[in-house]
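Taken verbatim from Swiss-Prot:
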- E426: active site (ACT_SITE)
- H425, H429, D501: Zn(2+) binding site (BINDING)
- 624-637: compositional bias 'Basic and acidic residues' (COMPBIAS)
- 638-653: compositional bias 'Pro residues' (COMPBIAS)
- 604-653: region 'Disordered' (REGION)
- 1-8: topological domain 'Cytoplasmic' (TOPO_DOM)
- 30-110: topological domain 'Extracellular' (TOPO_DOM)
- 132-653: topological domain 'Cytoplasmic' (TOPO_DOM)
Amino acid sequence: MAENKWLRNGFVWIVLIIAVVALWVTFMKDGGSAREENFADVAADIRQGRVARIVMTEGSNDIQVQYIGEEEPRSSRLPPDVNIYQALEQYGLSGADVEIRVNPASQWGNWLSALTFILPTLFLIGIVIFMMRQAQGTNNQAISFGKSRARMFTGNKPTVTFADVAGVEEAKEELVEVVEFLKYPDKFASLGARIPRGVLLVGPPGTGKTLLSRAVAGEAGVPFFSISGSEFVEMFVGVGASRVRDLFDQAKRNAPCIVFIDEIDAVGRQRGAGLGGSHDEREQTLNQILVEMDGFDSTTNVIVIAATNRPDVLDPALLRPGRFDRQVVLDRPDIAGRRAILEVHSRGKPLESDVDLEELARQTPGFSGADLENLVNEAAILAARRNKKTIGRRELTEAIDRVIAGPERKSRVLSEREKLMTAYHEAGHALVARMLPHADPVHKVSIVARGMMGGYTRVLPEEDRFFWTKKQFEDQLAVFMGGHVAEELVFQEISTGAANDIERATNLARRMVTEYGMSKTLGPLAFGRKEELVFLGREINEQRNYSDEVAYMIDQEIRSLIDTAYKRAHEILSQHMDKLEAIAMLLMEAETIDGHELEALFDEPRPRPQLVGPPVTRPAALAHKTEEADRGGERSPHPQPHPSPTMRPQPAS
């Protein structure tokens, strides 16, 4: 391949050299830029004695006329079919009237004359040949569409190992066995174990699916083929299936090895009903993947690792055992995982002594591994921008704000009234969050514009949360209403600054009613059917599966939740107007305050949630009570279930 490329480039250079030589020969033949005279004028000048000599080449009609007092000769041309002497006689002159020098003909002159015609011809022929080769290359390129575009990485020099992956310990444990399968296949074959055909990595974007697959290849020390699912399908029919065959042929020749298909949902979506033919090419590609992963030839030592963040749209045939035997879930890391990830990404970066990675991990709930890597990188960029040699807490804290809300918009200048309204708006959020027991503690309040926001109030949960309760949602709704209510109380008007808060509150209230079953009137029911459309690759489309009367009740429940949240926020802010003003004035002065500065304004501690639940009975005590009841001949009756509010018993008529 490299040799053909060199020959092709060399041919282009040859054509260019021929063109340059042809131009040079043409220029030399024209004799440069000498002044040209008519021979009749030259004869008149000879008669007047102004010409010193005439120089010419034997066999040529071109002459050089040297005038007296001039350094450069002038060029002229003899009449056709006569020599210099005959031409002079035509004007009544002879060779005695002027000095004539005749130089012998040079062989180079004949060559130059020949090249004048040969080189342009060769140049045109070269252009034709070049165009023919380009056309041939286009045909070869069309044929090469069927070749796989997978990039191969050898396992001789692993760049990524399990030591570079943190925060996904369970996933690493699952994939350690894959490494052992590749390193010691006889260990499992002796027990009759079948080597897993494929591993599917499932998780949100940025959780380390691609990094983990590269670490598996680095640990196993085997070749690693990497390709994206979108690289299989092209505009030509059959290209996708051909590329799949070529990819697995390369993998079998380099076995044992790993084939990594990123974003497999691009070709692995569930096959439709076969009507219309809009997805036939993608389905042919998927069918070929199914055959290659578990067809008649199932003895090769090739393991397929695929990654996706849409497992719900994948074809069931792709997920069955024998193809993707294991599905490894990579979720966003918890606080311990975030700390481990921060330690990995802070290697080689000079951190100041006051940097606490544990505290940093606590401040970044919901961050993925990619977010944390970006955070550390942003902090390093900020430190370099400030000409510092180390990365401090200030840079890391600001990097968190940049990742969450975007960079500061220092060019955005607010009027004094808008700035004051923003301060009271954010103070309303912060005060309501501080006074409600089930709301998350306030970590930072700022009126500095970032991204699309004029200001923001950042709350920070005290621990990682995997479930939400109704009381937490209700307090969250009240916090959303805090900014809107504060503007109304202080300025007796409302602004567009609360638009996003109202939208988020409405969406949360709707989900509480229609998805989470948190409505007393409607009960624990889910409303809205998610229909899976086969023609769109199982795209989700929500349709109403309830009556207009129920839709009205849903709207009423949403309005009730929002109204209750509004009243709670209004009550809190009305009772603590002095605190609201103090927070707003502090924001006007400092623009940004943290949770400790906010707590310093209060004398009483922050209200804590009261845990209410049944007394915990240990299994042994429960068994003892059951035995006593059996001996007494009585069993403790089960409590009767309360009727659902929507299913109240009707009185007998």
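Using the three backbone atoms N, Cα and C, a Cβ is placed for every residue, glycine included.
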(message) List every residue in the same chain as H425 (Zn(2+) binding site), at least 6 positions away in sequence, whose Cβ is under 8 Å from its Cβ.
(response) G455, G483, H484, A486, E487, S495, G497, A498
(request) Within 10 Å of each Cβ, count the other Cβ atoms, then let me know which of the recorded positions E426, D501 comes out lowest. (result) D501
(message) Can you name every residue in this chain, apart from H425, H429, D501, with its Cβ inside 8 Å of the center of the Cβ atoms of the recorded Zn(2+) site?
(response) E426, G428, T457, F480, G482, G483, H484, A486, G497, A498
(request) Go ahead and report the DSSP secondary structure tallies for the topological domain 'Extracellular' (30-110): helix first, then strand, then coil. (result) 20 helix, 23 strand, 38 coil
(request) Count the Cβ atoms, other than its own, that fall within 10 Å of the Cβ of H429 (Zn(2+) binding site), considering every protein chain shown. (result) 30
